[in-house]
Amino acid sequence: MLRNKQFSIWRWLLALVGLFMYLGDIGTDTALVFTYFHEEHYVWSGLTALFIITGLTVNQIFSYAWFLEDMHKNVMDSKPKRWYLVLHIFGMGILLRYVRALMSCIQDFDTADLSMLKLFETFLESAPQLLLQLYVHQNHEEWSVLQYMSMVFSFFNLAWSLVDYRICLRKSLPQSRELPSALPTTVYLLYKLFTITSLILSYSLLLILSVYSTVGFTSLWLLGTIRAHHLKTNFCSSGVLELLYRGVIGAVLVFTFFNVKGQDTKRDMTVYYFFWTVINFSTPLLMFFLKPELKTITIFLVVSGVIYGGSLLGLILLVLYYRFLHSKQEAKKQYDEVDGLENVDGQEKETTPSTRRTREFIKP
């Protein structure tokens with residue numbers, strides 16, 4: 001009981017900080033939209049707005065669909081269905097979920113859906129936004145306090161969503177009901193941050209080299225989406241939502257590796273990080289030879305150093321995490337539980353929709 005209560009308090013604090021990060025990220029990015037528009041940078045304003053709208057729209061669709069699913073299975077009251085629809089139409093679905101989580105106080109409320117939606121928002125809005133602002137600064141020497149704030153909130157929103165999702169996934173597993181230990185969580189967070197940040201910086205240099213690099217990024221998203229389709233993910237209750245989900249998976253894979261179908265991914269991860277290494281280690285060299293005027297620019301040298309250093313540290317932490325800190329037995333159970341059923345003493349037991357979605361979702 002004491003352990004569960006401690007976990008509930010921890011989850012409440014996570015929700016509170018997550019709400020702050022979410023509002024700060026969306027707020028600073030929205031302010032940038034109007035700032036760029038006022039300064040007549042219409043393309044930057046439009047792209048910033050596009051990332052915000054894309055993340056919000058996709059999240060509202062999934063959030064309301066999951067509310068309907070929970071109502072249909074009598075997991076929650078169906079009376080406020082119309083009010084929920086109105087709130088989601090106005091883009092307030094995530095805020096609604098945060099309010100529900102915080103109002104649950106220290107009770108053991110279910111935040112699985114919120115954690116997944118935050119992860120969606122991170123790779124549909126925060127990560128692309130971070131890339132855009134880095135490009136604007138490096139290529140156009142446009143900088144302001146608001147841009148600093150936008151990048152800081154995007155970065156910490158990214159970090160927080162990764163930690164929050166890992167904790168929520170760990171809590172949802174029947175064989176693991178305690179708080180995850182600090183060391184594996186810290187190593188996992190650093191491994192993700194180093195690999196994602198170095199890749200985003202490489203993308204920003206490629207954009208400086210040529211804006212047509214966006215065609216390459218789009219191709220990566222398409223390949224990730226096709227890969228998810230090839231694996232025949234079975235996450236949503238409708239075909240249309242499943243296609244949208246696979247598109248989200250494609251966006252996630254542009255920035256980081258995640259297990260799409262809950263299976264052994266040693267080969268897939270090796271292939272992914274092979275190409276990841278090629279991109280990170282070749283991009284600064286391409287810039288060095290194709291744009292020699294940048295050789296003496298301090299920011300280029302700093303970015304190149306961060307890319308190489310972050311890539312090396314990320315790979316070391318990746319190996320350390322999966323070799324010593326990631327329980328193979330627990331991982332096997334976690335990967336096998338993707339159909340929304342628990343196997344207890346040979347008996348199959350149906351889980352709640354939220355718990356099923358947590359396990360079916362992409363695994364770290």
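Just so you know, glycine gets a Cβ as well, placed from its N, Cα and C.
Copied from TrEMBL, the annotated features are:
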type	residues	note
TRANSMEM	12-36	transmembrane segment
TRANSMEM	42-62	transmembrane segment
TRANSMEM	83-99	transmembrane segment
TRANSMEM	145-163	transmembrane segment
TRANSMEM	200-223	transmembrane segment
TRANSMEM	243-260	transmembrane segment
TRANSMEM	272-290	transmembrane segment
TRANSMEM	296-322	transmembrane segment
REGION	343-364	region 'Disordered'
COMPBIAS	346-364	compositional bias 'Basic and acidic residues'
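Among the listed stretches 42-62, 145-163, 200-223, 243-260, 272-290, the one sharing the most Cβ pairs under 8 Å with the transmembrane segment (296-322) is 272-290.
The transmembrane segment (83-99) and the transmembrane segment (12-36) are in contact, since at least 3 Cβ pairs between them lie under 8 Å (pairs 6 or more apart in sequence). Contact counts against the transmembrane segment (12-36), taken as Cβ pairs under 8 Å, peak for 145-163 among the stretches 42-62, 145-163, 243-260, 272-290. Long-range contacts of the transmembrane segment (200-223) within the same chain: residues 127, 130-131, 134-135, 138-139, 247, 250-251, 253-255, 279-280, 283-284, 286-287, 290-291, 303, 306-307, 310, each at least 6 residues beyond the stretch ends and with a Cβ under 8 Å from a Cβ of the stretch.
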